[in-house]
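Q: What TrEMBL shows for this protein is this:
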type	residues	note
DOMAIN	90-311	domain 'TauD/TfdA-like'
BINDING	HIS146, GLU148, HIS292	Fe cation binding site
BINDING	THR172, ARG306, ARG310	2-oxoglutarate binding site
Amino acid sequence: MDRLQLEHSEVDQVNRLLDRHADELWPLDTEEALHRAAVLAHQLPERTQDRVAAFRLEQTSGVLCISGYKVDQDRLGPTPSHWRDRPDRSPAHREELALVMLGSLLGHPFAWATQQDGRLIHDVVPIKGHEHEQLGSSSEALLTWHTEDAFHPLRGDYLTFACLRNPYAAATTVGYADHLDLPDGAREVLMQERFGIRPDESHLAKNNSEPGMDAFDDINEMQRNPDLVAVLFGDPAQPYIRADPYFMIVPDGDQEAQWALDALVKAMDNAMFDMVLDGGDFCFIDNYRVVHGRKPFTPRHDGTDRWLKRINLTLDLRKSRSARPVAAVRAIH
Ligand SMILES: NC(=[NH2+])NCCC[C@H](N)C(=O)O
Ligand SMILES: O=C(O)CCC(=O)C(=O)O
Ligand SMILES: [Fe+2]
């Protein structure tokens, strides 16, 4: 993992940029605001721009954490008890804007019509009743490692988090896909289209407010009948990954594929390490080179819980153009 510790003068520069433009850039999830944020991102500290560019060019590890920014905890108020409870303008608008600007140095923010009601900026908070789910909103169960939105061919190139608070130091887990210790022959099998990845539960109608939406028909179809895809791809010596074992299946009788997948799970389980995000940390995860998950924690449900903002980024909006109703809509349907 790579860390960039912002110096005082750099934090001041970021804060001045946010002071100048926070009101102008609300609402933030419009095409105009995203465009403007991408232009303003060039006023972020040069060292930050440089490190993010190195990360994008794969000159660094697949995880970058930018620290040093201070979150005004009083301004935030209580952690919401559900992602749905977001007011029009989030009390964390400043941090959302910072995340969008930093993300714009890397790619283009996009959303899923089938996740968190199509919102561009997600809230990751523990939700009462979800404790043992395989959802970002769970808490007491281990969130098993995964590529974000692994089931979908249009999944993001990067996953980004702004940590607003994490009082009990719940750990995000991370694992690199390159240099995994796999048994002979497993890598070759994992590079073949022999694996089905079903949508994770955050994309199911029951976890959204408009269950009747057409987009859920496609999710249901992918659920019933996932395409067979490769788990490793790119350079065999340093492969990219696409996996979410908890939601994966192997066709009946393909024992070799099952063996290779089991071997991958074992190797990755051994390679995972903890990354504790703290308030003010901005974290960038390369969704091709790295998988992530989260260790169990005990939620409080009293307004003081852990709170992350999350945005998916793509390097190429054109790939999803036919899945978005108009060019200016960032949600994939
Ligand atoms: N192995 C898993 N738990 N995969 C699903 C990950 C959680 C999902 N991305 C969410 O936002 O809730
Ligand atoms: O809460 C975390 O640290 C990570 C949760 C997660 O996997 C996600 O939000 O995609
Ligand atoms: Fe995730």
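Our numbering is plain: 1 for the first residue shown, then up by one each step along the chain.
Placement of Cβ uses the backbone N, Cα and C atoms for every residue, glycine included.
TrEMBL annotations: computationally assigned, not manually curated.
Since the structure is predicted, the reported quantities are computational estimates derived from the model, not experimental observations.
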Q: With ARG310 (2-oxoglutarate binding site) as the reference Cα, tell me which of the binding-site residues HIS146, GLU148, HIS292 is the closest one.
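A: Closest candidate to ARG310 (2-oxoglutarate binding site), judged by Cα separation, is GLU148.
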Q: Running a distance check here. Ligand 1 versus the binding-site residues HIS146, THR172, HIS292, ARG306, ARG310: which have CB less than 6 Å from one of its atoms?
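A: So the answer is HIS146.
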Q: I need the nearest neighbour of THR172 (2-oxoglutarate binding site) among the binding-site residues HIS146, GLU148, HIS292, using C-alpha distances.
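A: Going through HIS146, GLU148, HIS292 one by one, the Cα closest to that of THR172 (2-oxoglutarate binding site) is HIS292.
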Q: Using a 6 Å cut-off on Cβ distance, which of the binding-site residues HIS146, THR172, ARG306, ARG310 come close to any atom of ligand 2?
A: THR172, ARG310
Q: With the Fe cation site defined by HIS146, GLU148, HIS292, which remaining residues of that chain have Cβ atoms positioned within 8 Å of the Cβ centroid?
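A: Other same-chain residues with Cβ inside the cutoff are TRP145, THR147, ALA150, LEU159, ASP244, ILE285, ASN287, VAL291, GLY293.
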Q: When you measure from each Cβ to the nearest atom of ligand 3, which of the binding-site residues GLU148, THR172, ARG306, ARG310 fall under 6 angstroms?
A: GLU148
Q: Measuring Cα to Cα, tell me the gap between ARG306 (2-oxoglutarate binding site) and HIS292 (Fe cation binding site) in whole angstrom.
A: 17
